[in-house]
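*Asks:* From TrEMBL, for reference:
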- 67-213: domain 'EXPERA' (DOMAIN)
- 38-58: transmembrane segment (TRANSMEM)
- 70-91: transmembrane segment (TRANSMEM)
- 122-146: transmembrane segment (TRANSMEM)
- 158-174: transmembrane segment (TRANSMEM)
- 194-215: transmembrane segment (TRANSMEM)
Amino acid sequence: MADYILNSTSLPQAIHPFYPLEANIVGYLANRWSVPTLLGIFAGGWVVILGITLALVRSHNPNLPSRDKATILWFVLTGTIHLFFEGYFAFNHANMPGKQDLFGQLWKEYSFSDSRYLTSESFVLCMETVTAVCWGPMSFAVALLITYEHPLRHPLQALVSLGQIYGDILYYATSMFDHYGKGLTYCRPEAYYFWGYYFFMNFIWIVIPGILLYSSISESAEAFKVLDQQTRKAQGNGHLKKSN
């Protein structure tokens, strides 16, 4: 019996279902809520937030095009995720494995696709902190600029979108480098964790920001084109007046 107790104390203290299996995940507690419950609460919260946002936009600028309204909803959604959800991770990263509130359990569920979020890995911690501090507030600012049709809308929209794309590419790249270069796999072997969580949930932040970045570049180019034409026309009229 004494030998059994002695051998038991030599076993790993943190037994967890994440990959790599030897990852040091201290204080891990399994989620209390099921995945459907977590996703249902999360989705319900978004319905409320986006519904209130749409109502406010319609009251402040009822003639705003539908495309702009959809863009506002995107920036409110992404700003909320950046500032609150990713900000939660940045603030609580050291204690994430044992968290049992809504955001903590959602992060642990996502970590089946990337266990770096449970080990305070330097890249994801720095990347998520920058995302929360910079792109979160700026996303809300862009939403306001679009609502009031402010001329700074496209410069800031391009800046935030480019930052999101850059962060996502680095996120994919560092994980893939570790996988192929160092033989480290952070995702469980089930396909839905890789394709559903790791790939799809992050690829959204490449596709939509890519569309918005292209839109802002096109609008800016068109604005400068019109300005250049007006400048040339004004200079031409000024030259004619001098000649007369």
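Cβ from N, Cα, C; glycine included.
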*Asks:* In the domain 'EXPERA' (67-213), how many residues does DSSP call helix, how many strand, and how many coil?
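*Replies:* Helix, strand, coil within the domain 'EXPERA' (67-213): 124 helix, 0 strand, 23 coil.
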*Asks:* With a Cβ cut-off under 8 Å, give me the same-chain residues at least six positions beyond the ends of the transmembrane segment (158-174) that come close to it.
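*Replies:* Cβ under 8 Å, 6 or more out: 75, 78, 123-124, 127, 130-131, 134-135, 138-139, 142, 202-203, 205-206, 209-210, 212-213, 216-217, 220.
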*Asks:* What residues in the same chain, six or more past the boundaries of the transmembrane segment (38-58), come closer than 8 Å to it by Cβ-Cβ distance?
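*Replies:* Beyond its ends, the transmembrane segment (38-58) has Cβ neighbours at 31, 64, 69, 72-73, 76-77, 80, 102, 105-106, 109, 143, 147.
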